[in-house]
Amino acid sequence: MKVKIKQIYQFEGASSLPAYSTNGSAGMDLYAAIASPMIIKPHETALVPAGIAISLPYGYEAQIRSRSGLASKFGVIVLNSPGTIDSDYRGELKIIMINLGQKDFQLTPAMRIAQMVIAKYEVVSWELVDDLDETERGKNGFGSSGLK
């Protein structure tokens, strides 16, 4: 599938376009479109520009997710993961990041900061009913299926 993309920020000597790291990657890396290093202090958030805008076809969304390395090594994650980019949004993608670690985290220009997964979705219509179908699980939730 081809998706239209507008490059808003051009890195010196590097591309800001999302890229798959391996042939089997589901997510494309997104890069920090910043001109100079940026510090995210412990327990603080930052809105980090990705330097691109996209035009997704109707019926698709882009999901913005944390990178496992940043999460496991530094405690830095995408706050509203997965963040949804709707098919009718045309502005620059920006990533809400939070530092859950104990130390300052330094973002550098062109650093890989998040992943973007393109996903198909269905538009639903609601059918109002008095009762729902019975299931074995019923209304049990919040750990009711056990840990093992």
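Using the three backbone atoms N, Cα and C, a Cβ is placed for every residue, glycine included.
According to Swiss-Prot, the features are:
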type	residues	note
BINDING	Arg67, Ser68, Gly69, Asn80, Thr84, Ile85, Asp86, Lys94	substrate binding site
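Put simply, the two farthest-apart Cα atoms among Arg67, Ser68, Gly69, Asn80, Thr84, Ile85, Asp86, Lys94, the recorded binders of substrate, are 26 Å from each other.
Cβ contacts within 10 Å of Gly69 (substrate binding site), excluding its own Cβ and spanning all protein chains shown: 10. Taking a C-beta cut-off of under 8 Å and a sequence gap of six or more, Arg67 (substrate binding site) has these contacts in its own chain: Asp29, Arg112, Ile113, Ala114, Gln115. Mapped onto three states, the DSSP output places Lys94 (substrate binding site) in strand. Residues near Asn80 (substrate binding site) in space but far in sequence (CB under 8 A, at least 6 apart, same chain), listed by position: Ile96. Mapped onto three states, the DSSP output places Thr84 (substrate binding site) in strand.
When other Cβ atoms within 10 Å of the Cβ of Ile85 (substrate binding site) are tallied across all protein chains shown, the result is 21. Sequence-distant contacts of Thr84 (substrate binding site), defined by Cβ-Cβ distance under 8 angstroms and a gap of at least six in the same chain, are Glu61, Ala62, Gln63, Ile64.
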